[in-house]
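Remarks on the structure that follows.
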Amino acid sequence: MGKLQVYDVFQIAAFQTKCQTSNLVILPSGVLDGNYLELGSFDECLNVTAIRQDQKKARLSGKYCLGDLYVNKAEVSAILLFSIVVDSGIIPFDKEHSMPFSTCVPSDCTARDVQRLSEGIGIHLTITENLCQTAASQPEVDSLSIIVAILFGWVALFMVLSTIYDLYNRFISNCMPNWILSSFSVYTNAKKLFAIKHNPEEIECLHGLRVLAMVWVVIGHSFWVLLYLPMRNEYFLDHWLHQVQNMWLVKGDYAVDTFFLLSGILVSYSFMLKTVKCHKFNIIQHYLNRYLKLTPPVAALILFVVGLSKFLGSGPMWPSFEGHIIDPCKEYWWYNLLYITNYAKIQCLGPTWYLSVDFQLFLISPILLILLKRWPKLALVAIVFLIGCCLAEVYTMVWNFELRPSVLFNIRNFSIYSKQYFSFPVTRAPSWLIGIIFGYFFHIANGDMKIIRKPVASYLLFVAVTLCFICIFSAYPTLNPGYSRIGSSLHLALATPTFSISIGWIIYCCHTGNGGVINSFLSHSFFKLISNLTYTIYLVHYPAMVYTKNCIRVATFESNIGIFIYTIPGYLILSFLLGLLLSLAIELPVQTFVNVLMKKLTAKQRRSNLKKNYVNSSYSTEDIIKNVIHNLVRSNLQCASDRMKQNYDVRAQEGVYDASGKLPSGILDGNYVELGSFDECLNITANSRDEKKSRLSGKYCLGYLYVNNTKVSTMIFFGCLALFMVLSTIYDLYNRFISNCMPNQILSSFSVYTNGKKLFSINHNSEEIECLHGLRVVAMVWVVIVHSFSILLYQPIRNEYSLDHWLHQVPNMWVVKSDYAVETFFLLSGILVSYSFMRKRVKHHKSIFIYQYLNRYLRLTPSVAALILFVVGLSKFLGSGPMWPSFEGHIIDPCKEYWWYTLLYINNYTKEPVRASCLLHTWYLSVDFQLFLISPLLLILLKRWPKLALVAIAFLIVCCLAVVFTMVWIHELRTSVLFNMRNFAIYFKRYFSFPVTRAPTWLIGIMVGYLLHIANGNKKIIRRPVAWCLLIVAVTLCFICIFSAYPTLNPVYNRLGSSLYLALVTPTFSISIGWIIYCCHTGNGGVINTFLSHSVFKVISNLTYAIYLVHYPVIAYTKYTIRVGTFEDYFGIFWFWFIVGGWIFSIIIAIFYKFSWPTRMQTKTISIQILEKNLNNFLIVDFRHIYYS
């Protein structure tokens, strides 16, 4: 490359300035904190274009290269070099002399040109061509990619056509569809997948264990990928992994052992049950059934990875994706399909080693099972001997290769660790063999509660649970820097089987009815729903993690909150969705054909052996009689079981400089924020050269947070609350499982067990509008999304211009117009007020209005009051960071001064509703409560004179819409809250939280609730074809209402368009949602009703109020605790930061919140019932004459 070409492109002085800086200056902030990676601004580099001085040549563009920057020892102090060395064995690559570093050069430059240029300015930079990218870099479309795309296109087409055929037959023709034509139907397969069936022969607690083990595996692999992810505080991981409380993650290996245990149990238990019924074992069918069930999803995933995955990502680290994921699968795919991937040099889809080992162990199962069936005592002795031999081999392997007892501490010798221990069948066999033994004993026990006395079983259950924790945390002494060969060898040889035996005993107690609350938890229906997806989740979760790793643009800053609240939940939800897709598209359709094939083979075998079965049978009449009696006893006992869940020394100078903010990469892309390294700055300590002076520490320039003492009363309150929960739970469990009597309702009102059962119970009520559960949950998710995005607008991000561009795209109008989520809540509120009023009046004919107001106030207020108390008293102790000092002014101070506005539900009327509002999002509760205050007048009129009342309500709606039009016209408001940030105070006060602008939707809900009461679920009130046509129109109108906002969001403001939109489109959306609810309640909702009425929504629906209260403080908390400016893209926003993290965190806190307070029925029993007796004699409106008139 000629010198002229370089100056043609770099006409501005930026490149020359960079070339003249020293190699220490270009180091990123936070090197002493483990930030060795500087990725620059990838997208900005690729988007750079320049015109050559020689116009005959083509335009030049940017070329992004990622290489290794070698640090010159002569120019960097020995202290800094020493700080770079990592001796723990945790950091997977050598950083003593080099660190990954990026550069942006003209596209004509080769990797060798860049190296020469860097050497000319004193920088030792090594770059290879395969790690350089330009905007024109595109993966090759080869024949394999075309074939795979066509194949998956056909699968998608089959799914669409099969679903249409299936729905047509079920809901229109009212006939059962053909099983072949409906095998790819999303509807049928989803019903199978999420069906909750109770099988008396099933070990139900295995569902919970399987799901928990799968979550444990995903968490372990999340941390594994995190070790190779570019981080700004890499030393955090080393410190984190050496803490005792985190041993459950360090020893996540036990999750795999749990899977091997469950595999052995199921193989043995199912074999025993089948041989009792069929008396015949076909080994070929045994192997064929297993292979055909496991292989199709694996084959489909390999095809997708090899053929299509290279087109799906980009980023600084994307070129490494092909070498780590695609190439191994191109060469070693057949290892996976033959289930010998644990013997491959490079593994395709690394975690599939488990499938190979499990399949290899499965191959030997018939020998053990036949022996166990025919000669059980001899077989048990043989299996125990095999376990002893395998454990001796484990001890020898660990001793010879000096392995550590955790995969996270064996990264430097991971190839040896993986081959000789981690994926070696002999080292995994003990847990599987223990499962074989337990499976046999489960068959013998057959759910018999009397096989072991309950006190003995409960004592041994406690011992088993204790041993599980001991096995996990006992690894801590063996993970010290000084390696203990004998300690590691003994731990891996003895702790693993101990853990497996303990888990096996827990399962045994649960199966025999002695599991108590553990069995109730593990056997919950929620786990059954997810359990069916664990196989496909296991297949897809690791490729999804590696994909996200190779797509990142900036180094991340990890913390406990970042890992456990955002990263890990993000991976969990993403894995769940991808696993669901793989299951619906491949696993379940193929499984349908496999099941039919196996049934035909079984039927053919039975017919061929029918005549000789009575001759060759190894069962005598006595055996058959014993078996019949055994099963009769089991059936009775099963019924019983079902009843019983941070100018002095050199180190300080380097630390202060390193922690300071630098000019960030990507300024032209909107990155104005460089926060430096907050934690490194605060952790700096130095001795003064003047010995009379004390030691000094770092001081962060944005301010150091000094927290004052809180009111002791707040701590006492929440401490007593926690104590009440513990004591109430102990009392409740003691009475239920030991004294076998019902506990007192008041004393058990804070019980986690009782409230948990009520919270997650699935009850069916014929008078309930079941589809409201699904709508409430969907609206709640929508609210979390918009609040997440609104806070993102105020958060330091590295690509701010991309966000503005993103908001102006049509496909994203569903986020821009997520105001409709609030409208949905007002609609549901109106429906429930009206519908419940009408139903109650039919039964009781009278109403106590003071009782209604008091009941509603007492149900809503305690949780709000507790949250305010927590925010004012304790929240300031929970965070830190560059932006944390502003937390008090934005969150705490408003609640200190204006808390009473919130408790009186008038916080939408403060002088400055945005700045002076405690818990800003609670404006909804205020508006809803204010509307509720006028509801009795409307409801009495609606009951006495329905036609007149409907006309009056319609007139009120028109008047309110006229006010909306006037407000928008006068104040020039835009049609989305995200586009009114500059005049947000006016928008919020005059429109967003103004009761009159929200009343139309609520009033529409009042009318819909009345109509639902009149219909009362009657399917014949409207013909199905008419209902379906109007249902399609309603769904279409909902989408039109959302996406029609796009023209009104142009830079040129359209006053008339915005005014008409907010005045007319919002009620149209509400009416459409109301009609969908009406169709669902009258039996004409079809698949929409099936989806919205699913039991999962019922469970989450109980939490929506608590989630609404806590989600906004949680999201705001994350804003004030960030350390670095983030890089946001579509994937990062919606999966790893907001929707997933905010949503899951909100659910967790909401569950705790819900457990902390008595449930609604208990509140009514404790406080309202007393008042009701005193109010019955006055302020009573008798409805008997109204009802009969």
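Including glycine, each Cβ sits where the backbone N, Cα and C put it.
Per TrEMBL, domain 'Nose resistant-to-fluoxetine protein N-terminal' is recorded for 636-753.
The transmembrane segment annotation in TrEMBL covers 254-273 (among others).
Summarising the annotation, TrEMBL assigns transmembrane segment to 294-312 (among others).
Annotation source TrEMBL lists transmembrane segment at 353-372 (among others).
Positions annotated as transmembrane segment by TrEMBL: 379-401 (among others). Only residues 6 or more beyond the boundaries of the transmembrane segment (379-401), in the same chain, are considered here, and those with a CB under 8 A from a CB of the stretch are 368, 371-372, 413, 416-417, 420-421, 424, 426-427, 429-430, 433-434, 436-437, 440, 485-486, 488-490, 492-494, 496-497.
Per TrEMBL, the feature transmembrane segment maps to 521-541 (among others). Under 8 Å from some Cβ of the transmembrane segment (521-541) lie the Cβ atoms of residues 193-194, 196, 204-212, 214, 217-218, 221, 294, 297-298, 301, 349, 351-352, 354, 510, 515, 571, 574-576, 578-580, 582-583, 587, 645, 760, 762, 1095-1096, 1099, all in the same chain and six or more residues away from its ends.
The feature transmembrane segment is assigned by TrEMBL to 712-731 (among others).
Per TrEMBL, transmembrane segment is recorded for 820-837 (among others). Below 8 angstroms of C-beta separation, residues 769, 772, 775-776, 778-780, 782-783, 785-786, 847, 924, 927-928, 931-932, 935, 939, 942-943, 998, 1001-1010, 1012-1013, 1041-1042, 1066, 1069-1070, 1073-1074, 1077 of the same chain, each at least six residues beyond the ends of the transmembrane segment (820-837), sit close to that stretch.
According to TrEMBL, the transmembrane segment annotation covers 857-878 (among others).
As annotated by TrEMBL, transmembrane segment applies to 923-942 (among others).
Per TrEMBL, the feature transmembrane segment maps to 1026-1046 (among others). Within the same chain, residues 810, 813-814, 816-817, 820, 975-976, 1061, 1065-1066, 1068-1069, 1071-1073, 1075-1076, 1079, 1082, 1084-1086, 1088 sit at least 6 positions outside the transmembrane segment (1026-1046) and bring their C-beta atoms closer than 8 Å to a C-beta of that stretch.
Residues or ranges marked as transmembrane segment by TrEMBL: 1058-1079 (among others).
What TrEMBL lists as transmembrane segment is 1130-1153 (among others).
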Mean of the pLDDT scores, which run from 0 to 100, over the domain 'Nose resistant-to-fluoxetine protein N-terminal' (636-753): 61
Listed stretch, out of 353-372, 923-942, 1058-1079, that has the most CB pairs under 8 angstroms to the transmembrane segment (254-273): 353-372
